[in-house]
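See structure below.
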Amino acid sequence: MKAKLLILFCAFTATDADTICIGYHANNSTDTVDTVLEKNVTVTHSVNLLEDSHNGKLCRLKGIAPLQLGNCSIAGWILGNPECESLFSQKSWSYIAETPNSENGTCYPGYFADYEELREQLSSVSSFERFEIFPKESSWPNHTVTKGVTASCSHKGRSSFYRNLLWLTEKNGLYPNLSKSYVNNKEKEVLVLWGVHHPSNIGDQRAIYHTENAYVSVVSSHYNRRFIPEIAKRPKVRGQEGRINYYWTLLEPRDTIIFEANGNLIAPWYAFALSRGFGSGIITSNASMDECDAKCQTPQGAINSSLPFQNVHPVTIGECPKYVRSTKLRMATGLRNIPSIQSR
């Protein structure tokens, strides 16, 4: 009896209707998606997959603040430009933020060898130990360590020099041959930096080093170079016709680095024992630091999103959505929004 009543009910319901809807319910959705064969296909439902917004700020990543270089470049920071001295108080960071046009870089003009490679190495560093590799007061008893200053590296109106390098000069009219070595006992890679001075004239060469035929030799298991100063007049840069070329190497644990010279050495003073961290990096950005926390940082600003894709910037640090160049990316969760109606 129940079965008969159900059949009668269905029959009466069909009789009262003017039309029968075949398939699925249409709606007033204007969502469009691109398919393999068609573009801008209207569908009943879709979800957005693309994050296109950011907060315009530099934020902490997982609670760890970045190292914001301010007016200093990577070169100015790592060499110890006097105007960048305050940066050494920060020993660890989530990432490094550098502005596009940093004013404080190499204060004494010259060439920085393999600079982009150094940036690449530092991009994976999340902390370091800065230490005296050759203590200033005890390492160079036969040379002067206090007169190597210059107006181009001035600090608070006075001539100065890099905080991580020492400009060795003659002492009592002599510049004895020097030989100094360091054994890496840090159990980490150690970044060592030094320079070679190229005076603008022979008079300066004699006055500073008391030799005309100088050389600088630097040797380790993975590095071996001999430098000969090039004495020549050059166009003035920051008031200097001379140049200092800057060099660096990574010293493996238990390896030894040896410096030998009879003039023109800009000696290491401080070096860095490096700790590498997954997810660190260097970004170039004009964004300002804010009291915010994020999982993903871009040069434009931080992204806080659970979406799988973003078009904010291709350079990212942290746990970030995958970058795509698309301006729209939606996934259809419904069907094509074209109903079919059949009249009785």
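Placed from the backbone N, Cα and C atoms, the Cβ positions cover glycine too.
Taken from Swiss-Prot, the feature signal peptide covers 1-17, and the record attributes it to sequence analysis.
Residues or ranges marked as N-linked glycosylation site by Swiss-Prot: Asn27 (among others).
The N-linked glycosylation site annotation in Swiss-Prot covers Asn28 (among others).
Per Swiss-Prot, N-linked glycosylation site is recorded for Asn40 (among others), and the stated evidence type is sequence analysis.
A strand conformation is recorded for Cys292 (disulfide bond) in the three-state DSSP classification. What Swiss-Prot lists as disulfide bond is Cys59-Cys292 (among others).
Look at Asn71 (N-linked glycosylation site): DSSP puts it in coil. Over all protein chains present, the Cβ of Asn71 (N-linked glycosylation site) has 14 other Cβ atoms lying within 10 Å. Sequence annotations record features per position, and here Swiss-Prot assigns N-linked glycosylation site to Asn71 (among others) based on sequence analysis.
Taken from Swiss-Prot, the feature disulfide bond covers Cys72-Cys84 (among others), and the record attributes it to similarity to another entry. Look at Cys84 (disulfide bond): DSSP puts it in a helix.
The N-linked glycosylation site annotation in Swiss-Prot covers Asn104 (among others) and rests on sequence analysis. Under a cutoff of 8 A between CB atoms, and with a sequence separation of 6+ in the same chain, the neighbours of Asn104 (N-linked glycosylation site) are Asn71, Cys72, Ser73, Gly76, Asn81, Glu83, Cys84.
Annotation comment: Swiss-Prot describes Cys107-Cys153 (among others) as disulfide bond, evidence class similarity to another entry. Around the Cβ of Cys153 (disulfide bond), the number of neighbouring Cβ atoms within 10 Å comes to 23.
Annotation comment: Swiss-Prot describes Asn142 (among others) as N-linked glycosylation site. The number of other CB atoms found within 10 A of the CB of Asn142 (N-linked glycosylation site), across every protein chain shown, is 13.
Among the features that Swiss-Prot reports, N-linked glycosylation site is placed at Asn177 (among others). DSSP assigns Asn177 (N-linked glycosylation site) to coil in the three-state reduction, placing it in neither a helix nor a strand. Remark: Asn177 (N-linked glycosylation site) has Glu260, Ala261, Asn262 as non-local neighbours, by Cβ distance under 8 Å and separation of at least 6 in sequence.
The feature N-linked glycosylation site is assigned by Swiss-Prot to Asn286 (among others), with sequence analysis given as support. The Cβ of Asn286 (N-linked glycosylation site) has 12 neighbouring Cβ atoms from other residues within 10 Å, across all protein chains displayed.
Among the features that Swiss-Prot reports, disulfide bond is placed at Cys296-Cys320 (among others). Listed in sequence order, Ala302, Ile303, Asn304, Ser305, Gln310, Thr316, Ile317, Gly318, Glu319, Cys320, Pro321 are the same-chain residues at least 6 apart in sequence whose CB falls under 8 Å from the CB of Cys296 (disulfide bond).
All protein chains included, Asn304 (N-linked glycosylation site) registers 14 other Cβ atoms within 10 Å of its own Cβ. Residues annotated as N-linked glycosylation site in Swiss-Prot, with sequence analysis given as evidence: Asn304 (among others).
All protein chains shown were included, and the count of other CB atoms within 10 Å of the CB of Cys320 (disulfide bond) stands at 21. Mapped onto three states, the DSSP output places Cys153 (disulfide bond) in strand.
Ranking the recorded positions Cys107, Asn142, Cys153, Asn286 by the distance of their Cα atoms from the Cα of Cys59 (disulfide bond) places Asn286 first. For the disulfide-bonded residues Cys107, Cys292, the ranking by surrounding Cβ atoms (within 10 Å, all protein chains) places Cys107 first.
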